[in-house]
Structure formats: structure tokens, C-alpha cells
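Student: Mind looking over this structure? Questions follow.
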Amino acid sequence: MDPQRSPLLEVKGNIELKRPRIKAPSRLPLSGSRLKRRPDQMEDGLEPEKKRTRGLGATTKITTSHPRVPSLTTVPQTQGQTTAQKVSKKTGPRCSTAIATGLKNQKPVPAVPIQKPGTSAVPPMAGGKKPSKRPAWDLKGQLCDLNAELKRCRERTQTLDQENQQLQDQLRDAQQQAKALGTERRTLEGHLAKVQAQAEQGQQELKNLRACVLELEERLSTQEGLVQELQKKQVELQEERRGLTSQLEEKERRLQTSEAALSSSRAEVASLWQETAAQAALLAEREERLHGLEMERRRLHNQLQELKGNIRVFCRVRPVLPGEPTPPPGLLLFPSGPGGPSDPPTRLSLSRSDERRGTLSGAPAPPTRHDFSFDRVFPPGSGQDEVFEEIAMLVQSALDGYPVCIFAYGQTGSGKTFTMEGGPGGDPQLEGLIPRALRHLFSVAQELSGQGWTYSFVASYVEIYNETVRDLLATGTRKGQGGECEIRRAGPGSEELTVTNARYVPVSCEKEVEALLHLARQNRAVARTAQNERSSRSHSVFQLQISGAHSSRGLQCGASLSLVDLAGSERLDPGLALGPGERERLRETQAINSSLSTLGLVIMALSNKESHVPYRNSKLTYLLQNSLGGSAKMLMFVNISPLEENVSESLNSLRFASKVNQCVIGTAQANRK
């Protein structure tokens, strides 16, 4: 920098360099901070600078800040056109037209020339002479020029703000007008849609009316044809009417004749009514006699069963199964009855050799023969139908109101379950006593319904395993909860026993009974023993509660049919080495033998008319209490094996059955109301 340069020139140069560039014209107002600043504030801000400038040396630089004042230009017409285009896109053609019209009518703002940097803002002097340039040292003059220029800029800014406010008002008016026009447009469009819909509806109605006109014309032509046909038929009917009139006269003559015959027929009808009343009285008398005969039949049937014995014992010998050794001849003999071979066998002879006697004497001893007599003996060749035929009348006593109990007794593998439930495979010839008994009861109940009797049947099936009652008909979540079943009285003061938590299922046909038996077979406790691959280790008790009523005579009767499959009655071997599984079988056998012993004691106590009968000593006898007493009929099947290896167990079973056969229980009484 030249050291001879004046400080005032250097300050002026700095001021010119610091002056901001003029920006593009804007329609927006300046910021409030710039507009609110007054000239006196500008002077106050620059006054310290002047004082500092006077005290500086030749190399001191003074920086003066000037407010940025935008240059003022005329608002071009293209901006109005652009605004109109933007508004037309939002508000529609009508609104854009209005905005364009408003912008067109707006007066243009006069243009203000842009001053170049460094030039003075002082207006031209009179006479067209330009003001002279102030020297560089005249800072106060330059400041006054700048203040004057700032004042003019503020006046111009105020003018532009007013114009901007006018433009905003015009824009707001244009927007409101566009909004009103849009609303009107939507209204007109809705009206137009309604008018179009009405026009389409009118066209459709016109089309329908034309179709109706065509249809009516067709119907008119059809009706005209029908009228012609009816006219023809009218002529024919008139002719037919004349013929019918003549026939009516003939019918009236015949009617008079019929009325005369009717009077005579009425007299005959009166006599027939009298005969009908006599026949009805005779029918009622015969129904009364039939009822008396039915009661007499039941009484005689009961007497017949009592003559046979309220405790009867049948013996059944099962056949030899495939794979088993053939028994020696003479092991089992079936002597003929008093009437010869034609009579059913009632006696059984069992031969048993004693090896110890032969060893002591030095010579083989002859076999010992044991003779037994029962109410009926069924040899190995007897079928299931033959066995049931013998007990069918006893089963029917349950319908007459007498409790009936039938149970099968014998060692494991002697055929007890086969006798009571039947064989596998669903063969009708192998059906056991339970399905046959229920089929017989359903059939007899159907026959008695013709005499006014109605019967209902409710079945239950439980087992007694280790002195615990289990429900064999349990399904789903109730399986395995048989330990919760208990024997209780049906109610206070009631003699009827019931099993808590056990299912009592109403049955009315054979299929329902078959389903219950199948479910019970799956739930029953069985195990493998030395005598049988699948041995029943519990007492199963099937009970059928029978309720009968004769509504016209007010008679009611009820009884239970109990069909019991006892567990195996084999004795314990005291010298047998017991493992964990054998100990469980030992406990089962002990519980079975204990309940069977209690059953024998109960029967003996009933036969001896003892004051105390030990029903509660066993769950089996307690459950069958009402089926073993003096008002019940009882039948025991003793099942034995034909094999020589089972002679000892067969002999024990026959001896127990023989003791039961010698018992006599009092006369049975029907449960009638």
C-alpha cells in the first residue's frame, strides 16, 4: 500500500468494499429488525467510528456496516400469470380465470432504477446538473448522503409493503372466489349426476312401459281367444246344465227312496250300538280276566321257581381246548337221571388217584371217586343256547319284580367269563348269559306292552379289585378313578344300594348292551397266571335295574338283575418263591379268596336264619346284599376244568358248590307297589 495515500481515501475505499451487493427484487417485506432501525440510530452507531477515525494513524482502517436494502423493481407481469396458473390447478378453470382477470386489472408498479455501488443517492439538482462528488475526507457528508438514501429506500419499502398487502388481499379474494366457484361446481356436478340418473331412470321406465304395453297387447289377444273359447264352453255348459237338471230330478227321486232306506238303517244302527256296548263290556271283562291270569301266571311261575329252589346250583364243565392234553377216560362221568338218558344230567362223578396210598401199601390203590348232585349239570358239549334256556324263566322273574342274582364260580381258566359274556368274534352262537338275558327281557317287555305294561332298564357295570370298586363303564377323564367309587344307600331310610361316581346307562336295545360289554372288557383288570394267559383278577358285577308300571291299574314293580363273573378261586402255594410280580398276584389272590369266603359265610348265614349276616365283610357281598337275601332268587354256576392237572381245584370248587346247593333261603317276595 502506498504510504503517501490519504487516510480519508483509504476509509472511503473500505466503505465501498464493505457495501453489500444488491439482491434480486423480492415482493416480501423486509425483516422487522431492519425496518425498525431509524436514521438517528444509524448516526449514533457511526459516531464512535468517526471519533476513532480521527485518532488513528495513516494505516488505520475503518469498517462501516450498511444495512442491506433490496433494490426495487417493477413486479413483472409474468409473476401474476404464474400465480394464476398455480391457482387454476388447485381451484379449477373458473377460479383461475378470475385470478387472471384480477391480476390483469392490477396497475403496474413504477420501476425504480437500481443504483450502482459507490454512487450517491442524492437526487439530481435543479437544472439537470448532477451533484458533485464529495471528497474522500468528507465523511459526514457521505454519511448524510447515505442517510438520505436510506430514507428513500424505507419510503420505497413502505410503498412496496402496501403493494404487497394489496396483492395478498387480491390473492385472498381470488382464493375465496375460487373456493366459492369450486363449491358451485361440485353442486352443479351433483345436480348434473342427479339429472342424468333421473334421465336414465326415465329411459328405463319408458323401456319397461313399452314392454308392459307389448305384454298387455299379448295378454289382450290371449284374453280375446279365451273369451271366444269361454263362449263356446258356455254354450256347451248350457246344454250340459239341461242334462244335469234332468239328472237332478232323477237323483231327487232316488234320494227320497234312500231316505226311506236310511230310516230303516238307523234303526239297525241303534241295535248295533247296543251290541257294541255289550261287546265292550265283554272285552273289559276279558281284559280283567287276562290281567288276573297274568297275575296267576306270575304267581305260579314264582312257585315253580321256588320249588326248584331259591338257591340253585348248576355245574358246567368246559371242553378241552386245542393244545391241551386229553384227560384220561373215567376222570369225569355224567350218570343218567331217574328218567334215563332222555333226562338232563344232574349228577357228576370225579375220579382222583392217591399216589401216596399206593406207595405206602406197596400196590397201586384204586382211584377215589367223588359224586356230586346239582340242579343241573352241563357236559363239555353243552352250548350257550342250552345253558340260557335253563335260566330263561329265572331271568323273566326280574320283570315280575323279584331280585335275581346269577354268578359264575370256579378256578381260573374254567370258563366263567365265557359263560357270562361269551366268546370273542361276535359269533351269535357264542353269546354269553348277559347279552342273551337282556335280549330276552327286551322281548318279553315288548310283549307285555300290549297288556298295558311299560318297562325301563338302567345298566351299570363295576368290578371289585383288591376290595376297591371300579367303574368299568368309565370313559375319558373318568378312567382310572374307580378307587373313588363307594357303595352307599340311595337315600335316607332306603334299602336300595348304589355306587357313587359310577355310570348308570339307560338301555333299550341289544346294540347298546353290546357297546357297554365291549367297553367293560377293555377296562377290566386282567393278568397272566399259571392257569390262564389272560386271567380276570377281579369280580365283575353287571346290574340291570328294571322298573315296570301299569298306568291304567296304578301298578308298579321294580327289581334288579345281577350277573356276576367271580375271580379265580385257586388256592395259594405256600412254598412258592415270590418276586415283585408274584407278590402283587399274591395280594390279588388273598383278596379274591377272602371275598369268596365271605360269600360262602353269607349264604350259610342266610340258610341258617342267623340274626346277623356278614354282608359288610366284603365289598362283593355288600353290593349284592339285596340280591342275596330272602326276597331274591339266586343261581350259581360252578365252572370246572376237564384236565387232570386241575382235579384238585375242581374238587374244591365242587365241594363249595355242593354246600351252597344244600342251603335253603326263605320265600322270595316281589317288589310291588
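The count begins at 1 with the first shown residue.
Each residue, glycine too, has its Cβ placed from N, Cα and C.
Since the structure is predicted, the reported quantities are computational estimates derived from the model, not experimental observations.
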Student: If you look at how TrEMBL annotates this chain, which of 108-137, 198-227, 288-317, 558-587 comes out as region 'Disordered'?
Tutor: 108-137
Student: For the coiled coil (150-310), what is the mean per-residue pLDDT, to the nearest integer?
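Tutor: In the predicted model, the coiled coil (150-310) has a mean pLDDT of 88.
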Student: Taking the Cβ of Thr417 (ATP binding site) as the centre, how many other Cβ atoms fall within a 10 Å radius?
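Tutor: If we count other Cβ atoms within 10 Å of Thr417 (ATP binding site), we arrive at 23.
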